[in-house]
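*Asks:* Okay, here's the structure, questions in a sec.
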Amino acid sequence: MPRVSAPLVLLPAWLVMVACSPHSLRIAAILDDPMECSRGERLSITLAKNRINRAPERLGKAKVEVDIFELLRDSEYETAETMCQILPKGVVAVLGPSSSPASSSIISNICGEKEVPHFKVAPEEFVKFQFQRFTTLNLHPSNTDISVAVAGILNFFNCTTACLICAKAECLLNLEKLLRQFLISKDTLSVRMLDDTRDPTPLLKEIRDDKTATIIIHANASMSHTILLKAAELGMVSAYYTYIFTNLEFSLQRMDSLVDDRVNILGFSIFNQSHAFFQEFAQSLNQSWQENCDHVPFTGPALSSALLFDAVYAVVTAVQELNRSQEIGVKPLSCGSAQIWQHGTSLMNYLRMVELEGLTGHIEFNSKGQRSNYALKILQFTRNGFRQIGQWHVAEGLSMDSRLYASNISDTLFNTTLVVTTILENPYLMLKGNHQEMEGNDRYEGFCVDMLKELAEILRFNYKIRLVGDGVYGVPEANGTWTGMVGELIARKADLAVAGLTITAEREKVIDFSKPFMTLGISILYRVHMGRKPGYFSFLDPFSPGVWLFMLLAYLAVSCVLFLVARLTPYEWYSPHPCAQGRCNLLVNQYSLGNSLWFPVGGFMQQGSTIAPRALSTRCVSGVWWAFTLIIISSYTANLAAFLTVQRMDVPIESVDDLADQTAIEYGTIHGGSSMTFFQNSRYQTYQRMWNYMYSKQPSVFVKSTEEGIARVLNSNYAFLLESTMNEYYRQRNCNLTQIGGLLDTKGYGIGMPVGSVFRDEFDLAILQLQENNRLEILKRKWWEGGKCPKEEDHRAKGLGMENIGGIFVVLICGLIVAIFMAMLEFLWTLRHSEATEVSVCQEMVTELRSIILCQDSIHPRRRRAAVPPPRPPIPEERRPRGTATLSNGKLCGAGEPDQLAQRLAQEAALVARGCTHIRVCPECRRFQGLRARPSPARSEESLEWEKTTNSSEPE
């Protein structure tokens, strides 16, 4: 069977008239409130009847007639007597009453026996024990749906602790779904029942002492309003309390007496204000109210009047659809007979299929006769009255408009002065240098002060900074109370706690936190002994003195071996005149003692040498030395940068395990801080051992403030356990402090608020906005960077100063001085052994210096100062070997004419190395020094003459 659907605006015409009365459709309404000014139920029924009868589409002459009966009291006897008066009139349905649960039960039972439809408009009572008749339909939303809606709101606000105030014992049954939700989630829900005095003051005081911020009130509208007024007298109507009223008419109450409009008051409503007739309906009730009840202002239509209006339309719509399929007739019934209405069951089936939009929203019933597929509007109290911020639908659940809810809170924050509790702690909050000359918030500066300014600019609120009385962050006492800033928030003495307040699970149970504005962890701060700073000769540090000594010995050993090997191998001896092979008996060896010492130096300095080894043995020595120098130079270069730039630190511990495994270094944390709580509650074995040590150590290793802990670190063998942000701050300002290891945990700093504060979401959004704009990072850099110590994580190349590499300049200067001194000695030595002249040594020195200063040509005559040595006695010719010449060093040199060669060599005294085996032979071979006599074959006169000419061709 298709569902019956009809618009409420234009009701279709009747197709068939009822048999017993072709001109009327009779409905009975029972009202239990005879005062018209109280609810307007009589007027609403009249408005519905007249609107239906005036419908232009109505066909025929049938009209709707509503007979109204009044109950003076909630009496079963009076109710039964009234029903016996209604049944003989031949009604198609009975409406009401709007209250009186006992009367409603009697009416439902009688209608069920006679199979006459009954519409209930009152809240259901005794859900567990009341039997719902098939003929009974309830237009009022069920308490089960309301309890589910309340649970959804609590879940939306993340509420884990609440209190339920019941006006009657039946509320525990009516709100069973809500209680079951708390049982499943294991959250805390305390239930308090009003006593017979109906005075809610004692209950409210208990709730205030328990610090419960969310209060659910299940009572009628008048009692709910009374409870709210009493709460205002006790100071419980503020921004830290949330009230949820289950009564659907609470939004009609006047809130003029509320002083603090920041309180979060939520209620429900099912009025469909978008209905075309709603405004006319409300105006009609208002006009009637003004005529009959001018002593009380009109606040809005009562829910029962709107439900009765919709009930009339639902009955007419169902009768219309039933007449489409069959002709129905209504006959009088009697309480004294067992006769029933034969069309009652059919009409009930059509009533259960009705779907229409009424003054109370969508009207539809389920198989149990309860209203379904409708929505409860969620209202929030504002400065301008109640405003819808969401809805709860039977099928779709809760849907909240967070934007509207947040805007209401923003309006509440606008121009509101919040009390901020805080604590003096660098760099979060500090007194200015001239704070005595200032007052109010201007006395303070720091990270938290700047952050408060940013938040106040975004949320448009005012604030007053106040230092916490006991100077601590907050720890629980043995009696359950809290100290410090946490205690002030619990006592509602402050609105915000802005400081380095750590978010912990224990604190989260008693106060609310915003999202963290800074992430950190526990770290270890310790004093270090700085090693020796890089000095002038720090370029020698990459190698130890022993290595330098062994390198010197290796150099001398290689030089000696090279000199020995070069002398032994015949391949290092060669003719200085390769173009005159066979005609010159001179052999030259380039590895003199000086060259043997110079060649390793060139290889070690990676500059090379003009001396190249010829023999395989000398090349082997050279290759081994080069490989040795390659490794040495590479190792030196790799370590040089570190030794020139890094100032090594002497730290006896490197991790938290090292700290826990020793007893020489004391360690502790701030007493009453979150770090102390962390070690106290930790289950990690290492941290448990550390807590046992700190707890039992005497004298105490706990400190009262961060400054005291820093002073103890600097003045004694003490390691301080504190947050990493404070660690970084003090390390930036004292280079003797360092962090040991990494973080022991991860946590955050948040803004503390009293439980239930409606401002938390607003501050969360503001903090996220500051983080996205990088404002918090900018503020941290402003207050953390001290500039005294470089960042440890900065690995960029840094310029070296004279204190790092000054020693190499000293070596260079000393080398230059030694070279100048040696040049002077060589100059004097040459003058002493030159041919004698009349010029003195000093004059020669002055002349040479003048030519150096004037940059004259590098050509001057040979110096002669020393007396000419007497000629050597001629060697007897019979003692001279034929075809050889004797040099001054005793070596023999072959020549064509011995006398001429000897005379030539005597004249070229500068070319003869006295006491040595070397001599320069020709211009092309000036580098060849070693001369060695070898057997000379018989030569012709032409060969000897050519050699003579060749050896005598060297210029002066």
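Note that Cβ sites are derived from N, Cα and C of the backbone, with glycine treated the same way.
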*Asks:* What does Swiss-Prot list, out of GLU454, GLU723, GLU728, as binding the same L-glutamate as GLY500, THR502, ARG507, SER674, SER675?
*Replies:* GLU723
*Asks:* Just checking the record here: does Swiss-Prot list SER592 and LEU831 under the same topological domain, which would place them on the same side of the membrane?
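*Replies:* Taking the topological domain names from Swiss-Prot at face value, SER592 sits on the side where LEU831 is.
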*Asks:* For the feature N-linked glycosylation site in Swiss-Prot, which residue out of ASN323, ASN951 does the record point to?
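*Replies:* That would be ASN323, per the N-linked glycosylation site annotation in Swiss-Prot.
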*Asks:* Do me a favour and check the Cα-Cα span between ASN220 (N-linked glycosylation site) and ASN736 (N-linked glycosylation site); whole Å is fine.
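*Replies:* Approximately 71 Å lies between the Cα of ASN220 (N-linked glycosylation site) and that of ASN736 (N-linked glycosylation site).
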*Asks:* Sequence-remote contacts (6 or more beyond its ends) of the transmembrane segment (546-566), Cβ cut-off under 8 Å?
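*Replies:* Residues 540, 572, 589-593, 596-597, 599-601, 604, 613, 615, 617-618, 621-622, 624-625, 628, 632.
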*Asks:* How long is the line from the C-alpha of ASN323 (N-linked glycosylation site) to the C-alpha of ASN272 (N-linked glycosylation site), rounded to the nearest angstrom?
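*Replies:* Each residue's Cα considered, ASN323 (N-linked glycosylation site) and ASN272 (N-linked glycosylation site) end up 29 Å apart.
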*Asks:* Got a sec? Which of these glycosylation sites, ASN415, ASN736, has the most Cβ atoms within 10 Å?
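*Replies:* Output for this query is ASN736.
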*Asks:* Between ASN158, ASN272, ASN323, which of the glycosylation sites has its C-beta surrounded by the fewest other C-beta atoms within 10 Å?
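*Replies:* Taking ASN158, ASN272, ASN323 as the glycosylation sites, the minimal 10 Å Cβ count falls on ASN158.
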*Asks:* In the topological domain 'Cytoplasmic' (567-623), how many residues does DSSP call helix, how many strand, and how many coil?
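*Replies:* Counting residues per DSSP class in the topological domain 'Cytoplasmic' (567-623), I get 28 helix, 4 strand, 25 coil.
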*Asks:* Counting distance between Cα atoms, which of the glycosylation sites ASN158, ASN272, ASN415, ASN479, ASN736 is nearest ASN286 (N-linked glycosylation site)?
*Replies:* ASN272
*Asks:* For the glycosylation sites ASN220, ASN286, ASN479, which one has the sparsest Cβ surroundings, going by other Cβ atoms within 10 Å?
*Replies:* ASN479
*Asks:* So of all those glycosylation sites, ASN158, ASN272, ASN415, ASN479, which one's Cα sits nearest to ASN736 (N-linked glycosylation site)?
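*Replies:* In terms of Cα distance, ASN736 (N-linked glycosylation site) lies closest to ASN479.
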*Asks:* Give, as a single whole number between 0 and 100, the mean pLDDT over the topological domain 'Cytoplasmic' (567-623).
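*Replies:* Mean pLDDT, the topological domain 'Cytoplasmic' (567-623): 79.
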*Asks:* In whole Å, how far is ASN158 (N-linked glycosylation site) from ASN415 (N-linked glycosylation site) when you measure between their Cα atoms?
*Replies:* 27
